[in-house]
Structures are given as C-alpha cells and as structure tokens.
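As recorded in TrEMBL, the features of this protein are as follows:
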type     : residues : note
REGION   : 1-49     : region 'Disordered'
TRANSMEM : 134-156  : transmembrane segment
TRANSMEM : 176-195  : transmembrane segment
TRANSMEM : 224-243  : transmembrane segment
TRANSMEM : 249-269  : transmembrane segment
TRANSMEM : 410-430  : transmembrane segment
TRANSMEM : 450-471  : transmembrane segment
TRANSMEM : 491-512  : transmembrane segment
TRANSMEM : 576-596  : transmembrane segment
C-alpha cells in the first residue's frame, strides 16, 4: 500500500491565538472596524480538540523518525560526494579529457544540478509531498552512481588505458562512452533536484513547532545535519579519494554506490515513523499570481500614503505561516494586487479570481524576494572563485610534489580538506572571540551584520585569487627551470595552502552568511525559496566559470602563442586567469556595496504558539534602516 495513505495528513503548523472557526477572511481597510467577537468558549474548545487530534498525528515523528532521515542523508552524501570529489582527476586520467574540457563538464553539470532543486521544490510543494519526492530522487541518485561505476568497471565504457605520463596525449572517449558518462551525471542531477530542497524540510516536519520542545528539536536537528555534513566532507576528501587515487577507481566508485544503496534502504525503513505533511501548493504560484494581478491593475492610481480611500485584502495568514509581514511602502506598484475593486470578492468573502486579487501577506512575500535578488546576484562571482578548487587547483597539484615522507603521496583531490580544516578551526574562534569583540564596538548582537559578513567573504575570495596567481607564477618558473619533460615541479604541494586557507575564510564568512541571510529574510514558510536561491547562486557561478574558461581558452591565445589555459600548464598563463577572476571580484565588491547600502531588512510579527507574539527585525549596514 501507499505508505502515505495510511497516515492522516495534518497541517504543518497551527497558531493557537488565531480564530479557526470562521471560514470568512478578514477584509481590512486602514479605518475599518474589527469583526464582531465570537463565543470564546466555543472557539477555545474547538481549537483544543483540533490541537489534541494533531498531537496524536505528530506522535510517530520526533527524533525516532529523524534518526532514519539523518542516516539516509549521511549515507547519500557519502555516496554522491565520495564519487565526485576526485572527478576532475577521473576525467583527465581515465577519460583523457583536456583540463578545459573536464572543467567545463564539471561546471555545466554542477550548474544543472543546482537548477533542478527549483523543479523538485515545486513538484514537492504543489503535488506529491516531500516523502515521495525524496524516495524517487534517491532511486535516481542510485541509478546515476551505478551508471558512473560501470564507466570505470567496463572497458567498453571508457577509453583504452594509456601508459603515457601525459594522459591528455592519449585518445579521448567515443560518443557512446561520453554519452553514458553524461547519462550517469543526468541521473545524479535528477536525484539532487529531489533530495536537496526536501531533506531539511522533511526533517523539520517531524517536530511540532507549536511547542517549545519541538522548536528545540528543530535547532538540534540543524546542528546534527551540518555536523554530519562536515564529517562526510572530511571522509570523502581523504579516505574515498585515496582509494580512488591509489587503490582502484572501480573500488573507489563501488564503495559510494554501496553506501547509497544502504541510504535508500534506511530511508524506507523509517516509513511507519514519519510524519507526512500534505502539499499545500507551491509558493511559486503565489508569486506569479501577485505579478499578474498587479499587472492587470497597473492603470490604477494609489495615494502617496494610506488614507483610507482604498481597501486592501488582508485576511488571517494561513496555518503554515509563522510570521505576519508588515505592509511596507517599498515597491508600492505591487500593492495594486491587494486592492479590492468591484467583483474581486465572492459572496463568501474570498477572492473570486486569485489571479486578480492577492492578500497583503502574499504581496509582501514577493517584495522580500525582489529586495534580496540584487544581493543574491552579487554572490555569484565570489562563488565562481570557489569552483576553481575542484578544477584548476587540482591540475596544479598534479604537477607538484605531493609526497609526505618517502612512501605516502597526497591525492590531488584531497587538498580541499585544507579549506575544511580552516573553517573548522576559524568558526569557533569567530563565535567565541571575534563576535564578542565586534559586539562591543558595533553594538550589534552578531558583531557585524549579515551583509557585512558576506562582503568580508567576497574580500577573502579576491585575496585568494591574487595569492593563487602569485603561487602559480612561482610554480611555473620553477618547473621551467627544472626542465622536466612531464612538467613536474620540484615544489611542495603545500604552497597551495595559502590560497586554500583564504578560500576557507571566504566560505566561513560568505557561504554561511548567505545561508543565514536568505533564511532570515524570508518568512519561515518560504525557506524552500531561500534554499533554492542558494542553489541558484552555485548554478550561476558554475555557468559563469564555464563561460569565463571557454572565452579565455578561445581568445587568449593566437599568433603562435598558447592560450592561458593550455593543457600544458607551463606553456599557459594560469596565473593570468586567476588575476582575471580577482579583477571581476573587485567590480563585484563595488556592486555588492552599492546593493547593501540600499537594502532594508524585513520586519514582521512572529505568530507564536507557546509564547506571546513578538515583533522581530534585523538591522542592516546602516544600523538604523528598517522596513517602514
């Protein structure tokens, strides 16, 4: 039987203070009186019975269910990240691709994988729910891992083994081999589209956020989620990469595939414990409705200030909404979507056509999105600098001395562990030392604002690219002087550490700052949009990086001069490529500063369940700006 049909659906959230007995929405104009009072005892008893019923429905969830979800997530990430951590080396050594082609394959595939979560979030929210979406995506991921493992296992699915010390001089893949490779990556993208946007919300669904215990459970779930993610990265960047690099690609791919199979089994093992939340419709539909409704009423004239001459549609917020947004004066052309004119309301007091009349809450949610887009776009170039860790930094490492002692050689794909260790060491220092220090100076609860934190990360990304260029210039000079025919450099791979440390600081400020910024600037029920925007940032950076690589490779050479990204690193000018990204980063920093100066944080009213309602707001770079 369908496991979901055996459970009664329940609303994800309920607000006890709201009156749920009336089916008529409130229509509020600036001067309209409040509706007549209801029978308080009847309302209270009705709400109590609803809450008691819902508690029974939520009982199977909690930490017993979350254990299976976290186990599935951990094994799934061990599988996918473990297989792809060393993928640049696999494409150049086994498939004999040039570094530019291998870089473009990784960037284009990564960009596509970061776009599919938008589709997955829409399907999950509007139609099938999170459990079915994750279940389908898990099978797609497993199929993708099996396909890629077969490319390493079967001789017919990869180019012939070449004994040359320079793999790119060997024959590349034929159309069938390259097609099977892309097919496997396509299955992985489908899997990412379902798992990434749904895994965290599905875990949150297992807790009752109307209770203090439930809210503490959610906070603890996030801590465990990111802790397991960090552990997974450390394992995949060391153990799995070492097996792939030094033992066997077949074993190195089979282990992640087996872990993914265990993840699927573990996910279905917890079916009887999960809480299943009924799809309530996608937020993307609401955004489209606001835009269309505002366009249909574009000729309407609004007063400069609310003076009671227009009536706005402002019903009670939905049960899944935890914060009521204040009506703001910014982007007032969208307010037209909430203005009630003749024929907009039915006899029951609800919109006759949702594409002509939207609520104030829906309009303000779209305004949140519009305010964030400029800041979001500024993060793309700094992320483009990060993508070089998995491409050209690996190419540099392959031409450097990676030995520790006479017998152990560090896999080139493991160098990104340096960035992870930097994050692990710096974040406690930042939280315990720097935040209190800056708090005394700025008076801000977090020491610096979220946008200042993101901006600091952009600066570190620029510095990382400058240092990377300087180190590559020194590496190339030493390699040419050494005269090795294979291009090997008598220079320790740890010379790449400074740029990786700076990139780790970039992640600690920029990435974590963006996650917190997106999640705090959207209402709670719109966090799927926040996570989608973060995925879109990486998609944009992947495609931008691919565009830059292709353009530089095509136009930087000529007149018997090799291009900057030549397959022979010593003949190219990789340092110029790094400097180019640094220059783009400087322009991006100026653009970000401009966007941050004009940004105004959201102000809303928390719809509490176990505690009193309270106002909340975040303060921005100017320290005084609030949304009015």
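Every residue gets a Cβ built from N, Cα and C, even glycine.
Because TrEMBL annotations are produced automatically, they should be read as predictions rather than curated entries.
The model shown is predicted, which means the values in this text are computed figures rather than measured ones.
Within its own chain, the transmembrane segment (450-471) is flanked in space by residues 375, 378-379, 382, 385-386, 388, 393, 495-496, 498-500, 502-503, 505-514, 516-517, 520, 575-576, 578-579, 581-582, 585-586, 588-589, 592-593, 596, 599, 618, 620-621, which lie at least six positions past its ends and keep a Cβ under 8 Å from the stretch. Within the same chain, the transmembrane segment (224-243) packs against the transmembrane segment (249-269): three or more Cβ pairs sit under 8 Å, each pair at least 6 residues apart. If you look at the transmembrane segment (176-195) against the transmembrane segment (249-269), you find fewer than three C-beta pairs under 8 angstroms, all six or more positions apart, and that falls short of contact.
With a threshold of 8 Å between CB atoms, the same-chain residues lying at least 6 positions outside the transmembrane segment (491-512) that come near it are 379, 382-383, 385-386, 389, 393, 396-397, 400-402, 410, 412, 415-416, 418-423, 426-427, 430, 453-454, 456-458, 460-461, 463-465, 467-468, 471, 474-475, 478-479. Using a Cβ-Cβ cut-off under 8 Å and counting only residues 6 or more beyond its ends in the same chain, the transmembrane segment (576-596) has close neighbours at 374-375, 378-379, 381-382, 384-385, 388, 392, 451-452, 454-455, 458-459, 461-462, 465-466, 468-469, 472, 548-549, 552, 556, 564-565, 620-621.
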